[in-house]
Amino acid sequence: MQKVRRPITIIFFPFLTGIILNHTFHLFSELFSYTCILSAVFISGIISFKYKNSVKAFLVLLAFVSGCFYNFLENDIVPTDHIINRIKSGEDYFLAGTVVSIPQEYEDRTSFIINAEKLEKDGRNFAVTGKVQVNIYDGGTQVDYGDRLKFYARIVVPRGAKNPGGFDYQKFLKHKGILLVARIKNDLFIADRIGGAGNSFLEWIYGWRKMLINKINENFIFPNSSMLVATLFGERSSLTEEIEKAFKYSGTYHIFAISGFNIGLVGFIFYMFFRIIGCSPSTASFPSIIAVVFYSLLAGMEPSVKRAMIMALVYFVSVIIKRENNLYNTLCVAAFIILVIEPNAVFDIGFILTFAATFFIIYLTPKFDNVLKFIPFRYVRGLVSASLSAQIGVTPVLAFYFNNISLTGVLANLVAVPLASLIFGTGILFFFCLSLPSILLSYSVKALDLMLSSMLEVVEFFSRLPFSYIRVFTPGLFEILLFYVLIFLIVSSKGKKLLQVVLIAFAVILTCSLCINLFPSLGSDELKITFLDVGEGDSAFIEFPDGKTALIDGGGTYDDKFDVGEKVVTPYLLFSRIRTIDYVVLTHPHPDHMNGIKAVLNNFRVKNFLEGCAINNSSPNYSLIKKMIQERNIPQKRVMRGEEFKIGENILIRFLNPSEKLCERGNGFFKNINDQSLAFQVIYKKFRILFTGDIEKEAIEDIISRDTELRSTVIKVPHHGGKVSVNYQLVKRVLPKIAVISVGTNNSFSHPSKETLEDYKKSGAKIYRTDINGAVMLRTDGVRV
């Protein structure tokens, strides 16, 4: 019988392929899955018996079917007593369950996961199972791991991706085994709380974690306290957005993600300590394993922590059995164990980044080390080589998920990683000093303060450099594959003419692909309009037939805590491969229409800016937008009722509001500004769409009284469908086939109003709502929609 040298690679890759294919194409039904497994075992057994050299065939087929089956069990089988089978999304229930995660405290909420146990509704009780993500808003109640809670909450099925290229929250939770979200208004809705219902050992561990975090907060001030907690425990909820951006843009954010870096440091510190005192590699590995497991529990055993722990344990076991030289095999074993435990881990960005970085560090570091021999110090050369290798490995992944590529990451990590390592080691020393004389504690605090401040200064310096990072389009899977193939060909092409020829061919293909993506479309016969789901706000993107583009408003929030422009509008535009916007149109300067434009001006080339009345607005965001426009020398134009202009040969824009009369009324923050909104028709052949901003009664009546050509195929319903903009005469005059309402889920304004919905239903219009349908995308050739 043929000896299989590395059976794990023969098992791992087919197993991985099975998981991915079943997840993508849903190959299995329940009956079919069991039939496939039995058939695979039977057929593979016959092949192996008849052909002595076909052990590989048996392993490959069995691993592939097992991967399919594992994914099927994880995602397609829901127990009959699962809570999702007992609830109607959007309704309120009493729910009892046990907290099974470390609660995360944010500015506006506390979040944790419970194992559901009992559901109550209208006097009826049901025993249920399943994990539920729980969010408590406006509360001060202390919730801990192991607490058994009973509370009154609205339970919903989370929404999927709201916009093309956007974050899919439903899929994210599903991959963690969570199908529902419970929203508790405040802690007054918690009816009962009993501690000690969880694992007693974990409660003891998490109690220690809580105590240590409290000690950090007692001895350090912000931002050093938050950075130390993030570095040691991965707890990032108290970091400001500015600090997070600095670390992300400089390529050093991995320092705060408890993963291979932190777990590896713990293992390294303990392993080297026991080696220095004379222990053999095998002996030193045992206490290192204990330290890694204990620290992983202390860090919360999140998925990224669990993955890093498994990788470290597999490595130390390979040292014990004297197989540590085969790093690729060790990596495959770790990945295989993780996927057996969590089949959905393969779709988690943390898993992908961890293994991409680790693989390329193993693969490329020795090669870079040879090339960089001019660097005198071996440690520095090794750090540069490893950083370059990891950066190359994760670049396509970061581009795909975040549309960001750090250009200063290698240099920043050259300074930040050693500093973070010192901070980590000194942080452990700080905990030991808590029980020692105060002078030692004082020295450790001063040392940590100095190192943390230095790290922040270094990171902020690199993040502020011109071109410290670049925004990129979302790459396709084909482009990602081409990138990795090119890397492998470049590395292996030395002295091999055939590979050099292939390398040139791939380079040509990649260049062609980039040219297609970098240069705008030459145009088509279609007009494309996308109403983005920006919550309780407005933003629409238009792609004209000649290739020009327009953004109508940028969304936003009144408290400006969530950057809609950066986190919703920008990802959509990059996913759509947009680099230049010909027209940015601000209908009126209210935060829910205006604030997102800041990020658009930062991230894209804008050719023209249009707005209506000359408004004396003291809003800091409006002032900032106007300043950014002036600094970028973007042409500005105020447009009024009666003005028209053409885009290309077939597009006509007719402005219907504001009139001079409405502009002269003054600049009251809400009412007058709403009535001063830009309203206009986009006309393409026989197709017309009416954009209305937030016009209310006075502006609507003014438009109706003055304009006879209001009939439109599509209308963007005024003011999010609010009651103040209800006017059936407008509906009758426009007579739309499609009515689009841009509105936020569970908004506090009760938008859209019942009257608005009734008016458009009565007219026969088909209603689309962003809170229900997500982004609404329309395409027309000027006749059909």
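Glycine too: its Cβ is placed from the backbone N, Cα and C atoms.
TrEMBL annotations:
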| type | residues | note |
| --- | --- | --- |
| DOMAIN | 536-745 | domain 'Metallo-beta-lactamase' |
| TRANSMEM | 7-25 | transmembrane segment |
| TRANSMEM | 31-49 | transmembrane segment |
| TRANSMEM | 253-274 | transmembrane segment |
| TRANSMEM | 281-298 | transmembrane segment |
| TRANSMEM | 333-363 | transmembrane segment |
| TRANSMEM | 383-402 | transmembrane segment |
| TRANSMEM | 414-443 | transmembrane segment |
| TRANSMEM | 469-491 | transmembrane segment |
| TRANSMEM | 498-519 | transmembrane segment |
Please work out the mean pLDDT for the residues of the domain 'Metallo-beta-lactamase' (536-745).
-> 90
Long-range CB partners for the transmembrane segment (281-298) (under 8 A, at least six residues beyond its ends), listed in sequence order, are 202, 205, 208-209, 212, 233, 262-263, 266-267, 269-271, 274-275, 305-306, 308-309, 312-313, 316-317, 319-320, 322, 324
Between the stretches 253-274, 333-363, 414-443, which one has more Cβ pairs under 8 Å with the transmembrane segment (383-402) than any other?
-> 333-363
Given the transmembrane segment (414-443), its same-chain partners at Cβ distance under 8 Å and 6+ residues beyond its ends are 212, 215, 219, 228, 231-232, 250, 252, 255, 261-262, 265, 269, 380, 383-384, 387, 451-452, 454-455, 458-459
Chain residues outside the transmembrane segment (7-25) and at least six past its termini with a C-beta under 8 angstroms from it = 56, 59-61, 63-72, 75, 328-329, 332-333, 335-336, 339, 343-344, 346-347
